[in-house]
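Engineer: The following block contains the structure, expressed as structure tokens.
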């Protein structure tokens with residue numbers, strides 16, 4: 001069976017039209033076919049809402065013939081070999097869902113080979129010390145898909161919204177694969193980490209009792225897709241290199257707009273919500289945009305000032321959909337920059353990853369004789385200095401107000417304690433660096449104006 005691979009959305013075109021139909025049916029089961037795409041690269045779709053949607057066409061080639069051969073021809077061999085060739089999630093759906101078997105017991109989304117440590121970790125997914133790096137290894141690099149499937153199931157969203165499990169899985173795989181694995185920081189593991197944090201925040205007593213299933217689904221989807229297709233460079237880099245996304249969004253929240261429109265494209269392409277009323281899908285798309293756009297660090301003061309005013313005036317009414325949505329925005333902003341509030345071992349690893357991404361951008365700028373962006377010069381901007389400034393001017397103010405909102409919940413106190421400990425650790429490391437270099441520089445960290453200059457300077 002010969003095939004041509006088209007570099008867009010994982011589409012596989014076979015020479016025989018009947019083979020195309022067979023391939024699509026195997027993936028979609030009873031779901032309608034995806035929206036047609038045209039061309040490579042960023043593609044803008046316009047649906048009934050008039051909101052443009054983007055897909056960058058990064059979804060990698062998957063040989064769906066493998067699934068077909070496994071069932072019918074026996075060419076692949078043993079089940080163990082199949083599991084080596086397929087991820088356990090795809091094997092799960094090939095062996096159970098795609099054969100039309102409906103689970104009678106509660107839905108467990110891990111293959112039997114992974115039911116040990118990974119399943120045990122999922123039982124503790126609401127704990128703040130959840131190790132997303134270990135979970136990603138245990139799930140063979142499928143942490144985002146596995147986590148979202150579990151959370152959608154445990155929150156009752158699959159049942160409430162009557163979601164097709166195969167379609168949900170296909171959508172989540174699209175999201176996961178649209179993250180760039182070569183990015184040290186802005187990758188699918190970061191998305192999974194933010195999603196796990198968002199899950200913890202959605203359980204805060206001051207918020208949880210007011211949340212509707214739609215609120216929960218929006219929060220989890222926005223967390224999962226908030227950085228999708230991130231190029232590993234920040235907005236100023238896109239602007240000064242005259243990138244087409246900067247031109248498209250007129251230099252305003254360039255990356256966040258792209259993340260949102262890409263998410264809409266994948267939702268429409270997968271037809272995950274196609275069975276819902278048109279007005280509801282329009283509302284979901286708009287609210288997802290509002291949530292994802294709130295992660296723009298250039299809007300930090302806007303949201304922080306508004307949150308302080310609400311808490312000072314004691315006028316938050318979470319029965320009101322607007323106030324509830326605002327707190328979802330705040331929760332997502334907290335989840336997006338919560339790394340300094342994790343235990344030191346994980347926080348330090350995230351810090352090193354984000355700084356490595358900054359330094360790679362600086363190397364690119366130096367290579368092309370561009371001015372090196374703030375925080376991106378490895379010779380001048382040390383990891384401790386960057387992190388101390390980030391914690392002092394960005395993280396601490398937001399998380400202090402979040403703690404006020406939660407009534408100093410156990411989780412909030414734990415996060416602030418971790419934050420103080422981690423900041424002290426970085427100050428100690430910075431002092432040691434200065435002693436070795438004989439520098440008298442004040443170890444106060446990067447100035448706030450420098451952080452504000454660099455979109456994406458925060459994790």
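Glycine is no exception: its Cβ is also placed from the backbone N, Cα and C atoms.
Note: TrEMBL annotation is automatic and uncurated.
Here's the feature list from TrEMBL:
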- 110-433: domain 'PDEase' (DOMAIN)
- 186: active site, proton donor (ACT_SITE)
- 186, 187, 188, 189, 190, 227, 336, 387: AMP binding site (BINDING)
- 190, 226, 227, 336: Zn(2+) 1 binding site (BINDING)
- 227: Zn(2+) 2 binding site (BINDING)
- 433-459: region 'Disordered' (REGION)
Engineer: When the number of other CB atoms within 10 A of each residue's CB is tallied over all shown chains, which of the binding-site residues 187, 387 has the maximum?
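Structural biologist: The largest 10 Å Cβ neighbour count belongs to 387.
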Engineer: Within 10 Å of the Cβ of residue 189 (AMP binding site), how many other Cβ atoms can be counted across all chains shown?
Structural biologist: 23
Engineer: If you skip the near sequence neighbours and keep only those at least six away, which residues in the chain come within under 8 angstroms of residue 227 (AMP binding site), Cβ to Cβ?
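Structural biologist: In sequence order, the residues whose Cβ lies under 8 Å from that of residue 227 (AMP binding site) (at least 6 apart) are 179, 186, 190, 191, 194, 255, 259, 295.
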Engineer: Across all the protein chains here, work out how many other Cβ atoms are within 10 Å of the Cβ of residue 190 (AMP binding site).
Structural biologist: 24
Engineer: How big is the gap, in Å, between the Cα of residue 226 (Zn(2+) 1 binding site) and that of residue 336 (AMP binding site), rounded to a whole number?
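Structural biologist: Cα-Cα distance, residue 226 (Zn(2+) 1 binding site) to residue 336 (AMP binding site): 9 Å.
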Engineer: In the structure shown, with every protein chain counted, which of the recorded positions 186, 226 has the densest set of Cβ atoms within 10 angstroms of its Cβ?
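Structural biologist: Of the recorded positions 186, 226, the most buried by Cβ count within 10 Å is 226.
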Engineer: Count the Cβ atoms, other than its own, that fall within 10 Å of the Cβ of residue 336 (AMP binding site), considering every protein chain shown.
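Structural biologist: There are 24 of them.
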